Each structure stands twice: as structure tokens, then as C-alpha cells.
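Per Swiss-Prot, the features are:
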type	residues	note
TRANSMEM	17-37	transmembrane segment
TRANSMEM	53-73	transmembrane segment
TRANSMEM	107-127	transmembrane segment
TRANSMEM	128-148	transmembrane segment
TRANSMEM	181-201	transmembrane segment
TRANSMEM	231-251	transmembrane segment
TRANSMEM	257-277	transmembrane segment
TRANSMEM	306-326	transmembrane segment
Amino acid sequence: MSALEKNKSFDLLKQNAIYFVLLILLGIIIAQDPTFLNLVNFSNILTQSSVRLIIALGVAGLLITQGTDLSAGRQVGLAAVISATMLQSMENINRVFPEMGQIPIPVVILAVCAIGAVIGLVNGLVIAYLNVTPFIATMGTMIIIYGFNSLYYDAVGGSPIAGFSENFSTFAQGFFRVGSFKLSYITIYAAIAALLVWIMWNKTRFGKNVFAIGGNPEAAKVSGVNVARNLVAIYMIAGMFYAFGGMLEAGRIGSATNNLGFMYELDAIAACVVGGVSFAGGVGTVIGVITGVIIFTVINYGLTYIGVNPYWQYIIKGSIIILAVAIDSLKYAKKK
């Protein structure tokens, strides 16, 4: 084999190493239990992927700008708890706010998304105008949000918030059945969210600005892009995606606590990187994000399905994250 062919083979391995590793893991799962490959599991994987996809779409926009958001999971938890207290059934004897009537679902969506937008606004302002690095800024808001959420959670009883209205349960847990396959409503919401993000990234000036900022902030500024304003906007949009995802997650699970959303941001970031969204900025596709989320969910679901110890699952997921980021760094180093 010539040196050129060896280099090509090495480049191919480097570009696709993470997929080879994940395929090996999937092969091990199937070998351990061939019943993993069935329509019921496929339906469950799609449903579990859906909320994670909505969250990952928010995170992906930030990664494209060379940013990140460690507060994403805590924002999901805050939205879940707030929406849960607003959407309990009127017949629920443990209803948090018994004096309130049944609040329409669209009103709750608007309320939690507004809260998410405000949190995103704070993150964006701190990062864009105070020049605090995204890692530090969002780590701070992560802690603050968890504190506020825990105070609120304790104030409304400090126990899992459940007993949702029938309308909300149907909204979050409903599905269309086709034979033994169930297409959940949540999957449809995620598909709509993905379509909206695709349009935003590919068909709007704002999307082009976001990619320009990620590719080279200084060049974007020279070309007339208001970098600070666009950064604030992308963090606000991300906050709204987290909020909607948190509301859906509460409904999907059937309850909410202040710890819901823990580590969701790491899963989202890892899924984005596996799907080709670069930490170096300026690179990413919606299809890639979808692929990354589904791959990660298949691995999570599969490891649980074959009974792998949850602690080993943390070790495996952490290793995948390190490998994905390392490969991304190697790709970027070569381009530099």
C-alpha cells in the first residue's frame, strides 16, 4: 500500500472512528439480545429521542457560534416543574394551585418559553456584552437556575408533581398506531422543531449570520454582522427550545421533580458532536444533529435493554464523549 493510500485510509478511519465504535457497541447489544430489533423498541427509541432532539437543536445553534450551554439541563428541569404545576388535573386532590382553573396548554407553552427566552437573554447578554466565556457564564446560570427551581419545588410541596390533566397527558403521551408501530405526538413535535431549525439555518439571513460568527467572528463583524445581537438571539432561541422540551419531558414521564434534566446538556452536546456539529464553530447540519441524537438514544436504550449496570453506562457514555470531541479536535487541527 502506498503512502497516499495509507493516508487516505487513516483519514477515513479518523473521520468515521466514532461511528465504528458505536456500530461495534450496537453489534454487541444485538448479539446479547437479538429481540432488541423490533418495532416496539424502534418506536420507544424514536419517542425517547424526540425531547432530546428538541434540546439538542437548541444546543447545536450555540456550538455553531463556538459557544455552549451548561445550563440547558437545569432549564429543562425548571420548565418541567413550572409547567407541571400549571397543568395538573382539576380532579387531583394534591393539585398545587387548586384555586386556579384549567390553564390551556398553549398558554403554558407561551409562559415557559418566555421564561426560557429570558434565561437565554441573560446568558446571551453576559456572553456577548460582558465577554464572559460561554462555559463560565452558563455554568453560573446552571447553578442559579437549579437554586431557583429547588426553592420553587420546595415551596409547592417538595414531592413529585404528577396527576396531569387528560388533555396534557394526551398532548405529551398520545400516539398514532400503525400495526405494532406507534408514532408518538412528541416525535411529530420534534420533526416540526427540526424543520423550523433547518429553515432558520439555511433559508434566513439570521442563520447565515450564525454560521459566519462561528466560522470567524472578526470577519463576520467586518462584513457588517452585529455579532453581539445575533449571539443574544441564538441563546434566547435555545432557551425556548429547552423550555418546550422540559414541558414535554414532564408530560412524557408523567411527573416532574427539581432534578429532572440532570446531565441532559451533556447528552445533547455529545449527540451534536457525534452528528458533526463542531466545537470549532461554523459547522453543523440538522440532519447531523438528528443522527447524533438517535445514535446516542439507541446506545442508551440498548445498554439498558440488555441490563448493563447504570454505572458502566456512565463510563461508556463519558468515553464516547471524550472520543467524539477528540476526533472533532483532530479534524479541526488538520484544517488549521
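Positions of Cβ are set from backbone N, Cα and C atoms, glycine also.
Listed stretches 17-37, 181-201, 231-251, 257-277, 306-326 were compared with the transmembrane segment (107-127); the greatest number of C-beta pairs under 8 angstroms is found for 231-251. The highest tally of CB pairs under 8 A with the transmembrane segment (231-251), across 53-73, 128-148, 257-277, is held by 53-73. The transmembrane segment (17-37) and the transmembrane segment (306-326) are in contact, since at least 3 Cβ pairs between them lie under 8 Å (pairs 6 or more apart in sequence). Long-range Cβ contacts of the transmembrane segment (257-277) within its own chain (Cβ-Cβ under 8 Å, at least 6 residues beyond either end) map to 18, 22, 52, 55-56, 58-60, 63-64, 68-78, 80-81, 142, 146, 149-150, 152-153, 160-161, 246, 249-250, 283-285, 287-293, 295-296, 300, 317, 320-321, 324-325, 328.
Tertiary proximity for the transmembrane segment (306-326) is limited to same-chain residues at least six positions away from its ends with a CB under 8 Å from its CB atoms, namely 17-18, 21-22, 25, 29, 32-33, 36, 266-267, 269-270, 273-274, 279, 296, 299-300. Residues 62, 66-75, 77-78, 119, 122, 227-229, 231-232, 258, 265 of the same chain sit 6 or more residues outside the transmembrane segment (128-148) yet have a Cβ under 8 Å from a Cβ within it.
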